[in-house]
Amino acid sequence: MTKQKGLVIFSQMTLRILKLIFWIWLVGLVLLNIFKFLYVKIVHFMFDGNFLLNSYDSPFNPLNAVLKKEWIPNTSDWGTRSERFLNQLSHNLMIYPLWILGGLLLIYIVLNVLRSHYGEMTPFKSDFESLRLKKDIIRHTDSRLRDKSTRSGKHGDTYNVFKWVFNREVRRERNSRKADRIVKRAIRRSKVSISATVQKGHVAGIKRYYILIKKPKNMEASSKLESKLKNFHEQLMQFTGVTFDQIKTSQDRKNLLFEGSVEKEIKEARSVKKKREQLAAMDKTTDYETKDNDTNGQVGNYPLELLIDRSKDIEEDKKAAEAYALEKQDELEKFFAAEKMQVDLESRSTGTTSIAYKYKAKYSQNHKSKTQLQEGLRTWLTLQEVIVDDYGGKITVNIPLPSDSRVQIDNRKLIKDTLSSSTKPLQTIFGVDLDNQTVTHNLRDAPHMLVSGSTGSGKSVAVNYILLSILWKASPKDVQIALIDPKAVEFGVYEDNPFNMVNPIDNAKDSVTFLKYLCILMDERYQQMKKAKTREIEGYNKKMAKKGKETMSTIVCVIDEYADLVMVQKDVEKEVSRLAQKGRACGIHLIVATQRPSADIVTGIVRSNIMTRLTFQVVTSTDSRIALGEGGYAEALNGAGDGLLKWKGQTPVTRLQGGFLIDDEVENINNHLKDTIEQPIHVNYKEVVARHEGDEEALAQIDELQEATTSLVETQQSFEKESKQKKEKVNRRKRPDEMSKEDVALHQKALDIMKEKSNKKNTKQSAGSVKNKVVSVNVMDYFEDEGTESVKSQTDSKQSSEDTQSVRDLLGL
C-alpha cells in the first residue's frame, strides 16, 4: 500500500466518523432542547405555587395542624431548578462533542494536507464528491434502506411461518427476498474513493474513481450482485460522464471493483496567475533578442540573427492548436464510449503539426485491432490523416492540426539551446517531436541515414536543416561536406562554401567518380590507422594531435535524388554499399535522399547498411515499409516536414516536425560563411581516380590540359597583375568567367590538339598492348594563384620567359 493510498483511506474514514458524530450531536442537541422545553413547561405548570402543599391542605387540615407542615417538600422552585439543570446539561452536551468534532476535523485537515503534499489535487473536493457518488449509486440501484415492496403487502405470505415451512414456492420467494436485501445492504456498504493526481510526464491531472463492493457470503446473493452490476459501468458513465471499465474482481476474490478515470484541468492558484501575468508583461516590454535569442558574443559560425524571428507568431499558433486539441479530445472520448472501450488518457501532446493522445487500454471484450480503430476514427472524425499506433498495451492517436493552427519552430532558440553546449562536431538537429522536445542526435552514431519523401514532403528542407545545424558549431578542419545534386538546383547555394570538400556535383558521371574517390580515400585512411595502430578516427586523431601531426576530418556526403542517379549510373550502388559498410570507422558518413524508396532503387544491400531512416510523406504503404524497414504509416503523414525518424533501427519510431528554413535564410548563412571563413583548396578527385585506375587517356588529357594552362598563365599575365586581381580570392583556381577571350581561344585549341594525340594513342593501343604510364603530378601545382606561389614558381617563370619559343609555338599552333 502506497502512502498516498493509505492517506486517502484514513482521511475518508475520518470524514465518515466526523460525519456520524456530527449528525448524532446535532440530532441529540435538537431532541434535548425539545425535551428541555417540554419538561420545564410541565414542571412549571404542575409544581409552581407549592403545588404539593396546597393539594394536601384542603383534605387534611387537622393533620396539618398536628404535623405542622414540615414533612411536605416545597415545590415552588422545582421548575426553576429543573430548567437550570437542563441548561447546564445541554451546555455540556454542546461543548464536549464540539471539542471532539474539532479534533477530528483537525486530523482530517492534516491528512488532506499530506495528500496534497504527495501529489493529489483537491482532496477535500474529491472526498465530498465520493459521498455524493455513493448516494447516486444507491439511488440508481434502488438499494435504499426502506424496501417499498414490504409495505405494499404483496409478499405478506413470505412472513407466514406455516407457509414458509410447508410451501416450497413461498420459501423460495422468501430466500430470494432475503438475497435481495443482502445485495442492497452490500451496495449501501460499498466504498467509493476519488483521487486526482498529476503523474510525471503528463500534461494534465487524472481523476481516478474506485468503487469497491464486498461480495456477500450468501452464494445466491453473491450471484445476484454480480448479475445486477454486470453492465453497471454503462450506467456510471451515463450519470457521471466518466469512462468506467467493466466490472472486475479483486485479487483476493472477495470484492467487486469498478475503475474509472477522466482528465482534470490543472487550475493555477491566484498567486501563480498573478506572477505569470507579471512575467508576461515584462516579456512584452523586453526585446526578444535579449532573451532566448540573444546571440551577442556569437558562439557559432554564423549569427542567429540571420534566421527570422518567429516568436510572436509561435505564441498565437500555440493557443489555436491547444484549443483544437481539447475539441478533438472530447470527440475521442465519445468515440471510445460509443465503442464500449475502456481506456485511460495518460497524456496529450500538442506538437507543431499534429496532436498525440496516449491512452492506456484496459481489458475489454470489445477490443479492436489497430486497423479497425484507425478506420473507425477516420470515419468518426472525418479526417483521413488520423494515425493509430497500438504498442505494448498503449494506444496512440495522432490527429493532424489544420493548416491555420500549425505551430512554427523557433529556429533561433532551437539551435542555440541544443548546440551551444555541445562538443560533438556532428551533433545534429532533426526537428521537434510531439512532446515539443528537440530531436537531436550525433550523426557519428547513425552512422549513415536514408531520407525518403515525395515532392513537397519536406525532404530537401530537412537535409538543409541538418547540414546547417552541423555547420553552426563545427570547424572546417573537423568537418567537410560533399554534396551530390543531380537536379542541380537544391545545393547550388553551397557553391564555394568553406566546408566544401568539393563544390556541389551536378553531373551523374562525376558523381560516380567522386564516390570512387571517397572509396580510395577510405582505403588510404584505413592504412594510416593501421600504421598508427588505432581502430577508429577518434583514436587516430588523438594520437596525431599529441604528436603535432595532421588529423583526419570527418566527411559528410549528401546524395540527393538517389533514384535518378541509380537509373543513370548503375555503378553508384556499388560505391554507396562500400562506403556504407566501411565508412564509419574512418569518418565518412552518407546521407542518401530519394523521393521513391522502391525496392529496385534502394536495394537490400544498401538498406541493410543504412539503419537510420528519416521518412517523410510517401505515396504508398509499400514505400513506407521499404523506407522504414517495417510496417509504418508514412503514407498518412501530413507533408510539409511531418516525418518519422527510426534511429539506428530502433523501435518505436519517433514522429517529428522537421526544421524549416526559407531559401533566403539558407543563402544568407552560406554567404556569411564564405565571407568569414577562408576557403580551402578543393581536391581534384578526377585525377586521383584516374591515377588509381591507371586510365592513360584520362591522365593524358589531364597532363595536356595542365601544360596548356601553365603556359597560358606564365605568358599572358604577369605576376603583379594576377596578384591584384586575385587578392581577395586566395587558394582558388581561375573560374571560366575570369578568363579573357584570348585565353579561352588558346585553351580550346589546346584541347583540340589533345584529342588528336588521344586518337593516335588509341590507334597504337589497338595494334599492341601498351604499358600503363605512371605519372606523378599534382594538378593543384598548376592552378595555384600567384599570391601564394613559392620562390620556385617565380624562378620557373623567369626560365620560361627566357625561352625563345612563344606559347603558340609550344602548343604547335
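Counting starts with 1 at the first residue shown.
Cβ coordinates are placed from backbone N, Cα and C, and glycine is handled just like the others.
If you look at the transmembrane segment (20-39), the same-chain residues 6 or more away from its ends with a CB under 8 A from one of its CBs are 82-83, 86-87, 89-90, 93-94, 97-98, 100-101, 104. Marked as transmembrane segment by TrEMBL: 20-39 (among others).
What TrEMBL records for 94-114 (among others) is transmembrane segment.
Here TrEMBL flags 436-625 as domain 'FtsK'. Confidence for the domain 'FtsK' (436-625), expressed as mean pLDDT, is 87.
Here TrEMBL flags Gly453, Ser454, Thr455, Gly456, Ser457, Gly458, Lys459, Ser460 as ATP binding site. DSSP gives Gly453 (ATP binding site) a coil state; it is part of no helix or strand.
Summarising the annotation, TrEMBL assigns region 'Disordered' to 715-744 (among others).
Residues or ranges marked as compositional bias 'Basic and acidic residues' by TrEMBL: 735-744.
Per TrEMBL, the feature region 'Disordered' maps to 785-813 (among others).
Note: the ATP site is recorded as Gly453, Ser454, Thr455, Gly456, Ser457, Gly458, Lys459, Ser460; in the same chain, Val461, Gln595, Phe616, Gln617, Gly639 also have Cβ atoms within 8 Å of that site's Cβ centroid. If you look at the transmembrane segment (94-114), the same-chain residues 6 or more away from its ends with a CB under 8 A from one of its CBs are 7, 10-11, 14-15, 17-18, 21-22, 24-25, 29, 123-124, 127. The most crowded of the binding-site residues listed here (Thr455, Ser460) is Ser460, judged by how many other CB atoms sit within 10 Å of its own CB. Of all the binding-site residues given, namely Gly453, Gly456, Gly458, the one with the smallest number of surrounding CB atoms inside 10 A is Gly456. By neighbour count, meaning other C-beta atoms within 10 Å, the densest spot among the binding-site residues Ser454, Ser457 is Ser457. Within its own chain, Lys459 (ATP binding site) has Val451, Ser452, Gly453, Ala593, Gln595, Phe616 as residues 6 or more apart in sequence whose C-beta sits under 8 angstroms from its own.
Following the DSSP three-state reduction, the secondary structure of Gly458 (ATP binding site) is coil.
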